[in-house]
Amino acid sequence: MAMPDQDDHAAVSAPLLTRPAYLSSSFSFSSFSSFGSTSSSFADAAASPPSAEGGGAASPMGGPTACKALAVLRDHPGSVSCLSLCGEFLLSACTGADIVAWQQPDLRRFARFGHGEGSVKALAAAGGRVFSAHQDGRVRVWRVSRRSENAFKLVAALPTARDYLGRIFRQASYVQTRRNHKRLWIEHADSISCLAVHDGILYSGSWDKTLKVWRTADLKCLESIRAHDDAVNAVAADGGVVYSASADGRVKAWEKGKAAHFLQGVLVASDGVSWNALAVGTDHRVYAAGSDGHVVGWDRLGSRSAARWTLACDVKAHDMAVLCLCIARDLVCTGSADKTIGLWRRQSSGELTKVGAIGGHDGPVKCLQASWCRVSNGCMVYSGSLDKSIRVWWVPGGLDDNDQQQQQDKCIKDQNQNGKASLFLR
């Protein structure tokens, strides 16, 4: 497991860096900047003056461009598979076994750590710990500490040795995973594809079609749910309900009961569609992204014991499969195999209104994370792609879809240092 870079040792005990000036400013940028190094500075990007002629991008309203491409981070040997926000760090992983921690706000590489076989498929952070899901069917737990040079320390791999010893000699602990082959029910029999942490519980979904439930306090496996008829691609939890999305075309809701989780409802059943991603808003509205390019949303009505879901929206978001999505307040971001990121405004009625699309990646957008900044009323969007890069974008909260709809659809292009970044606004 790699240690933080020598140049970064001093940062372990150093106070957090101050937020760059542009995050608390109302200034909107009219030029893009992109950096190919593994240590990209937001301060440098903010200091770059808007281009007065030639390379500058013009706003549809005649003013400065609303969105800004801030940085390109390249430090992975393979496709970027997942992203997660962990306090002051952005965590990224790829088809290799390593995880990279980028320290905000300047997003310099702080540490590289990892362990296990196969690629890292998913990341989740909660309570001073990072959970990583791996292709070898195990979840690894890392303790985060700024007081140690080893800021990300491996403390466990799930199932734990204690869990194994408590069940390995009991015949009832084994389940048949395929013909003439049995495993402990606490084990995943295939790659783990997704993670979610909620209310002291870690949920892991796998290509083995199961959803497993772990207690974060002692890392014990509490339950294994035969959730779907095909691979589980995404999991999300909210208010005592956990949602699972699968390649079998179904999105299911499971309620946490006193003893176990039980199926509360099937939100959608579409044969021929693989549901690739899930996200839940603070209003309990759940969104699912499909291989057919659609994003579907549902409102949860009634109490937990009598919950039901009604269709809130169904939009054709992309021409190709939607691979990921995330929510930051009233902004929904969607990443697609068409290499673009869609920006959508959530309406009180439940509908999604498109306010823009960001282009810049050379490959499908595999993962997204977003963080809202209250001071500047805007959003930092992080995107990871199969082109092995991570791109960072600034999306202000002032994007007004009503004003933008008064204009004809426009394509605003601007070349960054790599000649790739572009922004499309409606």
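Cβ coordinates are placed from backbone N, Cα and C, and glycine is handled just like the others.
Record features, source TrEMBL:
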type	residues	note
REPEAT	185-224	repeat 'WD'
REPEAT	225-255	repeat 'WD'
REPEAT	315-354	repeat 'WD'
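Helix, strand and coil counts under DSSP for the repeat 'WD' (225-255) come to 0 helix, 21 strand, 10 coil. The average per-residue pLDDT of the prediction over the repeat 'WD' (185-224) is 96, rounded to a whole number.
Each residue in the repeat 'WD' (185-224) gets a DSSP state, and the totals come to 0 helix, 24 strand, 16 coil.
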